[in-house]
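As structure tokens, the structure follows; a few thoughts come after it.
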Amino acid sequence: MSPARITDFSPGKPRKALLCIHGAGCSAAIFRVQISKLRVALKNEFEFVYATAPFSSSPGPGVLPVFQGMGPYYTWFQKHHDAVTNTTTPTVGDRVAAVIGPVQKTVQDWSITNPQAPIVGIVAFSEGALVATLLLHQQQMGKLPWFPKMSIAVLICCFYSDEARDYMRAEAQDDDDKLIINVPTLHLHGRQDFALQGSRQMVETHYLPQNADVLEFQGKHNFPNRPSDVQETVKRFQQLYQKVKMSGSFV
């Protein structure tokens with residue numbers, strides 16, 4: 001049985017919505033808690049819509065002990081040794097295809113039941129931030145006609161890999177210009193995060209400098225916790241949001 005869809009929706013208030021993509025070994029319910037400070041700060045502007053990854057997994061980095069007993073936990077990509085069937089190892093393309101289904105269902109269910117609150121942006125963490133980047137890149141390559149036009153994205157502590165980079169480069173037919181995603185983004189990087197170098201590399205490889213605002217905070221693989229970092233995160237998002245609104249990118 002698929003997990004129930006989780007949203008933060010207030011009836012009677014037509015707004016815009018943000019698609020939320022959790023990390024590996026996590027869940028929509030846990031991610032809702034992880035970004036609670038951001039949700040509270042943006043509650044007058046946005047609804048939050050949560051997608052759930054397709055594969056069961058053990059708890060991911062930073063999930064325990066805080067979220068002990070809050071399973072089941074899910075991951076977006078199966079490991080090679082878990083996904084082998086008849087000695088056939090799935091390609092990156094196969095694994096990207098596997099994440100599309102649950103995201104598409106989340107988007108379409110929301111669009112049908114809440115047409116007054118279109119999805120216009122993304123909030124994604126860790127492996128979910130990689131999923132978001134892959135989806136944005138696929139859309140920019142003329143694929144995913146069902147995927148909403150994203151005007152803004154917040155990517156938190158992205159887990160990035162050479163394998164993902166090589167896949168996107170192959171999709172772009174080695175045209176570096178086609179590797180660049182033209183969406184205004186806020187990137188949150190923990191200075192003590194094990195994934196910091198990959199997060200930086202993803203920004204350099206896939207996002208326009210003039211559209212990518214990078215905030216490095218004192219922390220590990222988590223959403224910012226210190227009040228000053230939370231305030232700066234909200235301030236940067238609101239500045240980016242106002243810039244996007246002024247450009248007329250929101251419908």
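From the backbone N, Cα and C atoms, a Cβ is placed for every residue, glycine too.
Owing to the predicted nature of the structure, the values given are computational and were not obtained by experimental measurement.
Going by Swiss-Prot, these are the annotated features:
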- Ser126: active site, charge relay system (ACT_SITE)
- Asp193: active site, charge relay system (ACT_SITE)
- His221: active site, charge relay system (ACT_SITE)
Entry from the active-site residues list Ser126, Asp193, His221 having the most other CB atoms no farther than 10 A: Ser126
Cα-to-Cα gap, Ser126 (active site, charge relay system) vs His221 (active site, charge relay system), nearest whole Å: 8
Assigned conformation of Asp193 (active site, charge relay system) - DSSP reduced to three states: coil
Nearest-integer angstrom distance between the alpha carbons (Cα) of Asp193 (active site, charge relay system) and His221 (active site, charge relay system): 5
